[in-house]
Amino acid sequence: MKGAYTNPRFSLAMTVMLAMAAALVQAQGTRVGFYARTCPRAESIVRSAVQSHFRSNPNIAPGLLRMHFHDCFVQGCDASILIDGPNTEKTAPPNRLLRGYEVIDDAKTQLEAACP
């Protein structure tokens with residue numbers, strides 16, 4: 001049995017996540033280690049949450065990629081697709097079946113616990 005790190009799907013998902021991170025860095029002026037002082041474990045917490053969800057469901061990657069480009073592409077990240085409530089982008093017909101919200105929620109919960 002091959003390990004997860006040699007799985008082509010895992011490699012693709014990690015490449016996608018790295019591309020997303022690179023785009024975010026360019027859009028926001030952030031860098032690896034941006035939270036080193038305020039929340040030293042931030043990057044590892046997010047990485048761990050994504051890896052954990054990906055291991056249990058490799059099909060989660062397209063939803064995460066779509067969320068990233070939906071909210072963090074042209075002029076920074078506004079997280080509008082993550083806002084709950086009626087008449088939001090999250091509840092718009094094209095986004096109702098979008099998968100991956102649980103990954104974001106999990107990472108956010110862990111980050112808030114580690115760095116209130």
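Just so it is clear, glycine is given a Cβ too, placed from its N, Cα and C backbone atoms.
As given in TrEMBL:
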type     : residues                     : note
ACT_SITE : H70                          : active site, proton acceptor
BINDING  : D71, V74, G76, D78, S80, E89 : Ca(2+) binding site
DISULFID : C39-C115                     : disulfide bond
DISULFID : C72-C77                      : disulfide bond
DOMAIN   : 29-116                       : domain 'Plant heme peroxidase family profile'
SIGNAL   : 1-27                         : signal peptide
SITE     : R66                          : site 'Transition state stabilizer'
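When the recorded positions C39, R66, C115 are ranked by how far their Cα is from the Cα of S80 (Ca(2+) binding site), R66 comes first.
With respect to their backbone Cα atoms, C115 (disulfide bond) and R66 (site 'Transition state stabilizer') stand 27 Å from each other. Mean pLDDT, taken over the domain 'Plant heme peroxidase family profile' (29-116), works out to 85 on the 0 to 100 scale.
For the pair formed by C39 (disulfide bond) and R66 (site 'Transition state stabilizer'), distance between Cα atoms is given as 26 Å, rounded to the nearest Å. Between the CA atoms of R66 (site 'Transition state stabilizer') and E89 (Ca(2+) binding site) there is a gap of 13 Å.
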